[in-house]
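Features reported for this protein in TrEMBL:
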TRANSMEM  21-41  transmembrane segment
TRANSMEM  61-81  transmembrane segment
TRANSMEM  93-115  transmembrane segment
TRANSMEM  121-142  transmembrane segment
């Protein structure tokens, strides 16, 4: 990790990298399918009832799980960050932006499917999902903290 002047805001007083809040938001947003799946496991009577509330078909739920796979991989990589970052983690972080962009695009297809199923009706949930999707894309494009965080890990 090669720190430059101005990088002190990306590092804790202990010398560890701060995980950007934009990355945490993106990961939580993409992992929402897994969160719905885990919550649905708590319903003993009918486990699919909650999933039908969020997703109108099993294809949409499968797509939500597919969207979460790269985010789950990035989350596992984040848990491996220590004072001395292992070599495989640093090499793996070179593909993190590509994985997150692929996840963002697939999530766009999922949101298009969700919105088009009940097209003429307005839903606050659909509006919030669309806003979150656009915010995630904005953060992937313009977050300096996220870009510098990945650059510091890779270097």
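Cβ atoms are placed via backbone N, Cα and C, with glycine included.
Quick caveat, the model's predicted, so the values are computed rather than measured.
Long-range neighbours of the transmembrane segment (93-115) within the same chain, counting only residues 6 or more positions beyond its ends whose Cβ lies under 8 Å from a Cβ of the stretch, are 26, 29-30, 55-56, 59-60, 63-64, 66-71, 73-74, 77, 126, 129-130, 133, 136-137, 140, 150, 153-154.
When Cβ-Cβ distances below 8 Å are used as the criterion, the transmembrane segment (61-81) is approached by residues 16-17, 19, 23, 26-27, 30-34, 36-37, 51, 54-55, 89, 92-93, 96, 99-100, 102-103, 106-107, 109-110, 113, 153 of the same chain, each at least six residues removed from its ends.
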